[in-house]
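According to TrEMBL, the protein carries these features:
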- Gly343, Gln344, Thr345, Gly346, Ser347, Gly348, Lys349, Thr350: ATP binding site (BINDING)
- 6-160: coiled coil (COILED)
- 260-582: domain 'Kinesin motor' (DOMAIN)
Amino acid sequence: MLIKENENLRGRVQQLEISLQQRAEQLSQLESKSEQREWRRGEELRQREDRVRELELELNKERGKEPVVKYVTQTVEVESPATVRQLTKARQRNEVLSERLSSQNERCKQLEEQIRKSDEYSCNLQHKIAAYEREIGKLREELLKEIGHLEERKEEAVKAAASCSAEHFQNLQDQFFTLQKRLTALPPTLRSMKTDYASLRSQVRNFSEFYGAAINEAKKQISAAISEMSEANKDLLEKYRKEVALRRKLHEQLVELKGNIRVLCRVKPVLKEDQHEEGQSVVVTTDPNNESSLTVMNKGKNRSFELDKVFQPHATQEEVFQEIEPLVTSCIDGYHVCIFAYGQTGSGKTYTMEGSVENPGINQRALKHLFSEIEERKDMWSYTVTVSSVEIYNEVLRDLLSKDGEKLDIKINPDGTGQLHVPGLRVIEVRSFQHIKKILATARRNRITFGTQMNQHSSRSHALLCITVQGTDLASGSKTTGKMNLVDLAGSERVWKSGAEGERLKEAQNINRSLLALGDVIQALRGRHTHIPFRNSRLTYLLQDSLGKGSKTVMVVQVSALERNLGETLCSLKFAQRVCKVELGPAARKIESGGGLCD
Ligand code: ADP
Ligand code: MG
């Protein structure tokens, strides 16, 4: 700022000096002009004075000539007419001359006047010049003052700037000194840093060498550990396989202990809608302390039945499924499993097998368990699940998964295994539990449709859901095939007793025959007979490879607790007892004589 101000001031001083010079030039011009004028006036004055003197001389000359003219006149008067003429001429000449003289005088006066005026003018001019000179003097004084003033300010500014820059300079110097100090201190630090860097570099080099060696060592160790591990893994896998085999064996033993064929009884709770009719008193009682017995009150007498398991009327769907769950597991392990719901119409067979939307039964729960079990084993096993669903009505087989419900036949598989198969049966591969839900809904819907087409027969037909589980051991590649048949049997009530005829009677006889055949087969199996009469009905024939040796069967016998169903309840329980008693023997159980369906 100071430098700038200083420059400004310098500029201003220069300007002032320039204007001063201009003024001085103007003054000198004015002076020369006034000198010229004065000189010209003096010249004019001198010329006029010369002229006046000339004129005075001429006048004096003329005046000196006068006596000659008088003489001439006198001479003319005296002498002759020639002289008179000369005289008049002279007179005329005289007049002219006097006229001239007067005009010269006039002129002289005018010139004098002019001189006086030009004197006045020159006097004025001199006054003006003096005034100018005074003004110039004043201006010069002012200018000088101004210059002095500016000079002072300039000095002040220069001084201030100098002091300021001195301060700044001092600061800079200080900074410079400190920097210098620091700079002098830097080299040793730099040197130490350099040595540090060099040592670090060598360390890094050493480290990478060491690291490489360590990595190699670690690699060796890891590969050793891996081979050790894989060895151990092989061991473990072997152990696991043994364990699985043992588990399977133990499971088998457990199921066998419980009985490969188990008969369970579910007592239907008394529902609100059942209470409006007659015969609503409860005749069936269960013993909370004995899970395998139930008592039926008949004509004032209590009759007890011993079964593998009796569910209380309030038993939940989940509780019922808990008894089935081990069979689902063994199906994944490659066993053949059959689950039947047996009982009179309305006793809860469909409820137990299918259940309701909010409270699903064995079918859905079994499949859910199946898929969760498959998910758990996915690291060791891969599984393929397929389902089919058929209905047997009047000894005719129909596909519940195809819309037209075509009749199907059971044939010996041409592959030479001796196993049965149903040509044309729709078999669907299931990938998830959600998928199976849709398939079950289709089967249910088709069963209802066929029912309305054919004399509403749902209670007089057997509905089968067949699930096949094919497993592959991912390690060994060995395969297993498990099968699970979930069967909602036709109502076991004795229709012919109410005097049914024709088609209705034939239907009843067919049901009777197939249920009887089922009872016979189960009884023969439980009794370990050599001949099992599978061929006596379509149902047993179809289920032949799932009911045979090594397979597991659960029969859920559904009974009503109400008095009005007493007859059917007794029949169902007798049927249950018949298939139940055989294997466990008379010592462990109370043996009922008689068998088959109630006559
Ligand atoms: P079935 O198939 O043997 O003819 P359902 O399963 O159709 O008999 O059962 C008849 C009625 O009784 C249905 O409305 C069903 O919901 C009901 N029901 C059966 N068992 C139970 C139970 N344990 N709890 C509640 N309701 C039941
Ligand atoms: Mg039903």
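Each residue, glycine too, has its Cβ placed from N, Cα and C.
Curation plays no part in TrEMBL annotations; they are all automatic predictions.
Across the coiled coil (6-160), mean pLDDT in this model comes to 84. Of all the binding-site residues listed here (Gly343, Gly346, Gly348), the one with the fewest other CB atoms within 10 A of its own CB is Gly346. In the vicinity of ligand 1, defined as a Cβ distance under 6 Å, the following of the binding-site residues Gln344, Ser347, Lys349 are placed: Ser347, Lys349. Among the binding-site residues listed (Gln344, Thr345, Ser347, Gly348, Lys349, Thr350), Lys349, Thr350 have a CB atom closer than 6 Å to some atom of ligand 2, in sequence order. A 10 Å cutoff on Cβ-Cβ distances gives Thr345 (ATP binding site) a total of 16 other Cβ atoms nearby, all chains included. In terms of local Cβ density within 10 Å, Ser347 ranks first among the binding-site residues Gln344, Ser347, Thr350. Around the Cβ of Lys349 (ATP binding site), 28 further Cβ atoms fall within 10 Å across all displayed protein chains.
When secondary structure is read from DSSP and collapsed to three states, Gly348 (ATP binding site) falls in the coil class. In the three-state DSSP scheme, Gly343 (ATP binding site) falls into the strand class.
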